[in-house]
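J.: Let me give you the structure first, and then I'll get to my questions.
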Amino acid sequence: MNDLKELVAIPLREKIPHFSGRLDGILIIDWFKQAKRVAKGGNWSKEQMKRYFPERFLESALSFQENLDDPDNPESVTEYNEWKDLIIKEFKDPSENQISKNELSEIKQKANERVRDFRARLEKLFAKVYNEKLFHSTNEDMTVIRNDILKNAFELGLKGELLPGYEKRVPVNADYPTCVATATEVEKVTAGRKKF
């Protein structure tokens, strides 16, 4: 069965775009999205993604991968997520990160967007800017940083019709999950009033 999967993967690998690592080429985040789409279609495991994705590297990306694969490299990477984070860190355009930080500070809840959808969009953008590790970290200091950033962005982006009820109910020192829960309650009350 594994041999058959490997055989089927050969033409699929060709659908993954090349990545050179140049600033004027495709962004690394976009490249990973396209590559993962192909991998999902082939039902690849993370081990297969780590093995096949680098086959599409060129120029500086290929050179960086060869350095990672070097048997003399003291920091060999065997796990897919760790490898992916290293690749993104190496090739992420610095201006892209600043643009995303600006988006995070200016994010607004859309007129017909529910609180839960706004929260999901906010958290996805946060993970893009600061990486998944910080988003899922259980470290106390990282949790405080994450909470402050998300809480500020959430409160600044909340739509105007929810603000009066939200500001009356939210505790002064509320953490981010409490802010979201409070806004969700206010949204339910506001939606109930609109029905009558």
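Note: Cβ is positioned from N, Cα and C throughout, glycine not excepted.
Remember, it's a predicted structure, so these values are computed and weren't measured experimentally.
I grabbed these lines from TrEMBL:
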type	residues	note
COILED	101-128	coiled coil
DOMAIN	53-131	domain 'Retrotransposon gag'
J.: Can you break down the domain 'Retrotransposon gag' (53-131) into helix, strand and coil residue counts using DSSP?
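T.: When I sort the residues of the domain 'Retrotransposon gag' (53-131) into the three classes, I find 56 helix, 1 strand, 22 coil.
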J.: In this predicted model, what is the average pLDDT of the domain 'Retrotransposon gag' (53-131)?
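T.: It averages 85.
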